[in-house]
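Take a look at the structure below.
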Amino acid sequence: MAIKAVISGALGRMGGTVGRIISEAHDLELVGGIDVKKGSLFGTEVVPATGIDAFFKEKKPDVLIDFSVAAAAVENIKAAARNNVALVVGTTGFSPAQRKEIESAVEGKVPAVISSNFSVGVNIFWKLVREAARQLGDYDIEVTEAHHRYKKDAPSGTAKTILDILDQELGEREKVYGRVGATERKDEIGVHVIRGGDIVGDHSVLFAGNFECIEISHRAYDRAVFAQGAIRAARWIVGREPRIYTMQDVLGL
Ligand SMILES: NC(=O)C1=CN([C@@H]2O[C@H](COP(=O)(O)OP(=O)(O)OC[C@H]3O[C@@H](n4cnc5c(N)ncnc54)[C@H](O)[C@@H]3O)[C@@H](O)[C@H]2O)C=CC1
Ligand SMILES: O=C(O)C1=N[C@H](C(=O)O)C[C@H](O)C1
């Protein structure tokens, strides 16, 4: 039996990429999409988010894959939990309060993989950053990310995950978002955001010491890497215990 998937944010950049790959997969069935307005996605119906409960009841999907916007994702996640639909959530930009809302909607009700980045490469990159932080905690650290001109949130979800990893390894340090004028460097972490053109997603962490620097970088060339990871997560999550998992769990890292 094919896994039945619905995509939320269906008419967006990621929705289209995920939809194309699912429609070409033999073990998955795209049963439709959710967005703000009606439309179509690889021969399936896209309905407005206001009709999500009725859509779930009609299509009976196994999994909802959400790449939308933070406030919308929270509501769609609650609807999936109400309708017993497993979740793969790639949307970024959640506030701490929204993240709590998601946790209380999902925990003990449906299984969900939530990750700020579904690419296999970024999941390895996070591990390398953790190891470097363990060894080079006394070096100056600067995090830089670059994305396309239409990205809504900054810093990226992936950059926030990098900052969480650094905090876990080094204790909470002040974050300085860009520098201008007279600045005296202490042991803060510098964070730099670039927005322009059609950059798919670049992240780098610089560890600068005396007489040497090490820079760990990841560059995505095509949204297919995120979509393939999300689809891998969708195959993995259906039938799991109802709690929140990460992409590291999916990959066994
Ligand atoms: N975790 C990951 O690996 C990745 C995460 N992302 C994140 O995914 C999200 C979407 O990115 P893009 O596709 O580039 O954005 P986009 O702006 O192209 O697409 C978002 C779509 O969500 C729709 N939307 C708005 N309200 C909605 C609602 N209530 N219900 C359903 N859909 C709704 C919009 O109309 C739009 O079609 C962003 O938060 C981005 O940061 C993007 C790439 C990879
Ligand atoms: O909006 C994007 O495009 C991306 N968003 C994710 C993020 O915020 O980290 C992942 C990826 O870098 C692309």
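Glycine too: its Cβ is placed from the backbone N, Cα and C atoms.
Together with G9, A10, L11, G12, R13, M14, G90, T91, T92, S115, S116, N117, F118, the NAD(+) site in TrEMBL holds one more listed residue from D35, D62, D140, which is D35. In the three-state DSSP scheme, G157 ((S)-2,3,4,5-tetrahydrodipicolinate binding site) falls into the helix class.
Restricting the recorded positions H148, K151, G157, T158 to those with a CA within 10 Å of the CA of T91 (NAD(+) binding site) leaves G157, listed by sequence position. Of all Cβ atoms in the protein chains displayed, 23 besides its own lie within 10 Å of the Cβ of T158 ((S)-2,3,4,5-tetrahydrodipicolinate binding site).
As a summary of secondary structure, the domain 'Dihydrodipicolinate reductase C-terminal' (121-251) carries 48 helix, 36 strand, 47 coil according to DSSP.
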